Amino acid sequence: MATLPAAETWIDGGGGVGADAVNLTASLAAGAATGAVETGWLQLLDQAGNLSSSPSALGLPVASPAPSQPWANLTNQFVQPSWRIALWSLAYGVVVAVAVLGNLIVIWIILAHKRMRTVTNYFLVNLAFSDASMAAFNTLVNFIYALHSEWYFGANYCRFQNFFPITAVFASIYSMTAIAVDRYMAIIDPLKPRLSATATKIVIGSIWILAFLLAFPQCLYSKTKVMPGRTLCFVQWPEGPKQHFTYHIIVIILVYCFPLLIMGITYTIVGITLWGGEIPGDTCDKYHEQLKAKRKVVKMMIIVVMTFAICWLPYHIYFILTAIYQQLNRWKYIQQVYLASFWLAMSSTMYNPIIYCCLNKRFRAGFKRAFRWCPFIKVSSYDELELKTTRFHPNRQSSMYTVTRMESMTVVFDPNDADTTRSSRKKRATPRDPSFNGCSRRNSKSASATSSFISSPYTSVDEYS
């Protein structure tokens, strides 16, 4: 995700070109999340020409200096005022600090407490790791490159910078997709076996392998070029800017549109089932507790997905618009638009821990324990128990043995035996309604079909809350 989005002016030592130079803007590498400058930069840097447009990484116009000006006399002057740099630095610094710390705490809460080790939470660990890595290894480095248009971090990190962000975003969004599919299966067809810990790890490993394959071209074609006075990091595509544009569109489809479509469908079906399928007349505490817990988890994950979609949408729109309408790249505020859209995209890495803390009592208890050293944070005994106690409910089959004999069978006398000794009677036990689970219902038979999504054998409430 190396970029070159800084507003800068090519100025020759004597000032002849400066008056006619064009600001190089954020859009020169709007692929901050997917790659940076390539063929166009080589054209810009290796050939002399009048102040004219050459295609950049995304097919955007960049300014070439006049032929009379030697490269040695060209300087890269950053034109943003210091107060604006300070504000952007503070904004990006907050994202990095909150994202790294918050996601590391989420990982600790899940892995350090046995009660939290559920299928959904294993995917949340993968999501937290992806977000923390993105914030730690990409956000600040990319921001520095965007501000100064100079690569300070070497050729190897240039490859990593162009390669890893796509990998991390892919892992994040498909971890959310895996959670959506798992919630769908658990609620719509609860009698099917759930993913085991081993199967969950295989799914997570497969997500990362696919992410590496998608991002590999960015690593393969990454290059650095040392120019007089500065170094650039870019992706040089063999077939030029059009190939990069095609690749970026493919990335948008695979890491944004397609997974959001899948999650939209699954959560819509799950939402209709949970909020529209309550059984009339059911007063069982177990039923209502599981229903409430499932609703909370689904609501939390819907908010997580919507946050991701909203944060990344302006960035993708920015790239598409600046690629199609190239004159936008000469707008004097385009760098600020880029920095704002990139900040919003990167800020998606810091919201999830906040959402978990606000909407899930066990994560909230975990965050309290993590910050118990703060004088204004009080950890109650209830918070301690939240991360230690596991509550299991019996399944429908086991609950039938807890009711009385009178409730579980009906004795029927055979009239053909009336002439025999009165003490000799044949008893036939009529099986009880298998939908009965100890809850009082007005019509258990009519409710049995609807209740299948609520209870599965030996289900822990921890799976849903």
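Residue positions begin at 1 at the first shown residue.
Each Cβ is built from the backbone N, Cα and C atoms, and glycine gets one as well.
Both P81 and D285 are recorded by Swiss-Prot, but within differently named topological domains on opposite sides of the membrane. According to Swiss-Prot, C233 forms a disulfide bond with C158, chosen from C158, C284, C311, C357. A straight line from the CA of C233 (disulfide bond) to the CA of C374 (S-palmitoyl cysteine) spans 43 Å. Most buried of the recorded positions C158, C233, C374, judged by other Cβ atoms within 10 Å, is C233.
C374 (S-palmitoyl cysteine) sits 40 Å from C158 (disulfide bond), taking the CA atoms of both as reference points. The recorded stretches the transmembrane segment (335-359) and the transmembrane segment (160-181) do not share 3+ CB pairs below 8 A when only pairs 6 or more apart in sequence are counted, and are therefore not in contact. A contact between the transmembrane segment (160-181) and the transmembrane segment (246-270) is present, since 3 or more of their C-beta pairs, 6 or more residues apart, lie under 8 Å. Sequence-remote contacts of a segment are chain residues at least 6 beyond its ends whose Cβ falls under 8 Å from one of its Cβ atoms, and for the transmembrane segment (85-107) they are 124-125, 128-129, 131-132, 134-136, 139-140, 143, 147, 339, 343, 346-347, 349-350, 352-354, 356, 363, 366-367, 370. According to DSSP, C158 (disulfide bond) sits within a helical segment.
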